[in-house]
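Colleague: So that we are looking at the same thing, I have put the structure below in structure tokens.
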Ligand code: SF4
């Protein structure tokens, strides 16, 4: 006798909730903001719901970004030597990780990196320094190099220089910086557990200066630092309320020698649910799969692009990324395409 499907199902196996996420996506596409409870339910959904969550999230991603993927290129223009104590960061003064230590690179090195970024199909060159905030020498170096890079390679510039005051933000805008990255990293409630040398409020203030100076805000976070699901939801809503344009979502690469070493709590399904939750809460914002992509998503990396629309190509600040060709192949295999257009389609 052939067993019916019902007879072979495990009695305790939960039902796959296709309709639930589809209805949530329809509400988002109709212009509604989902509630924090709904966001939490995505983040904490059982793994068997990952596919319907991604399918529903893909409809939102597709509305605003079609099948396009925006590539970013990171340049660590100054490494190590940072006086701050961000517990996840290998460049902090309290990290013993063997990272390169150098002051801001010379013009030729920064231009060479810009050439690589342009050749790799990146639209945006992310100029990053390890610092609490930029000193005068670093500000001047940025002011000099940005117009040159823009003129020669036509790249957009995102500067990540640490905490900024309003005057510094105005100077960055004046020299042609398009966007500033300054991550919230985690929730306000969890912030003191990952950093004691500056506050969440300091970071929010920098983002306000960036916005008031007329630049775009890029801000995201890191998942896997011992935060609760509620913390992750709280960060997603804070980013929404701040009106950030671009959200890089990192998955902790717990580097040996940092206070968070050994934190390897994440799995690929959790990362996918987090990406999807950010897409539901920030439907028309650029969502970038960032550090830890290869480490935590592993063979499920392509799935992340069904909800995220952007990623870094090449290496991260102090860790290696996969070869650019593997990224291009993944994009092509998905039937997606690299785009230079950073504006989302309007709803
Ligand atoms: S301020 Fe930036 S470079 Fe410095 S420790 Fe924190 S994350 Fe690292």
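Placement of Cβ uses the backbone N, Cα and C atoms for every residue, glycine included.
Automatic, uncurated: that is what TrEMBL annotation is.
Remember, it's a predicted structure, so these values are computed and weren't measured experimentally.
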Colleague: Per TrEMBL, which of 61, 63, 288, 293 sits in the [2Fe-2S] cluster site along with 126, 158, 218?
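Modeller: The one candidate that TrEMBL places in that [2Fe-2S] cluster site: 288.
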Colleague: So, in DSSP terms, is residue 86 ([4Fe-4S] cluster binding site) helix, strand, or coil?
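Modeller: SS state of residue 86 ([4Fe-4S] cluster binding site) = coil.
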Colleague: Mean pLDDT, the domain 'Radical SAM core' (64-293)?
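Modeller: Summing pLDDT over the domain 'Radical SAM core' (64-293) and dividing by its length gives 94.
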Colleague: Identify, in sequence order, the residues in the chain of residue 82 ([4Fe-4S] cluster binding site) that are 6 or more apart from it along the sequence and have a CB within less than 8 Å of its CB; answer 'none' if there are none.
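Modeller: Counting only residues 6 or more apart in sequence, the Cβ neighbours of residue 82 ([4Fe-4S] cluster binding site) under 8 Å are 89, 91, 92, 93, 130, 131, 132.
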Colleague: Can you check which residues sit near residue 126 ([2Fe-2S] cluster binding site), meaning Cβ under 8 Å from its Cβ, same chain, 6 or more apart in sequence, and list them in order?
Modeller: 72, 73, 74, 75, 158, 159, 160, 181
Colleague: May I have the list of same-chain residues other than 126, 158, 218, 288 whose Cβ is within 8 Å of the Cβ centroid of the recorded [2Fe-2S] cluster site, in sequence order?
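Modeller: Residues close to the [2Fe-2S] cluster site, other than 126, 158, 218, 288: 72, 124, 160, 179, 181, 246, 248.
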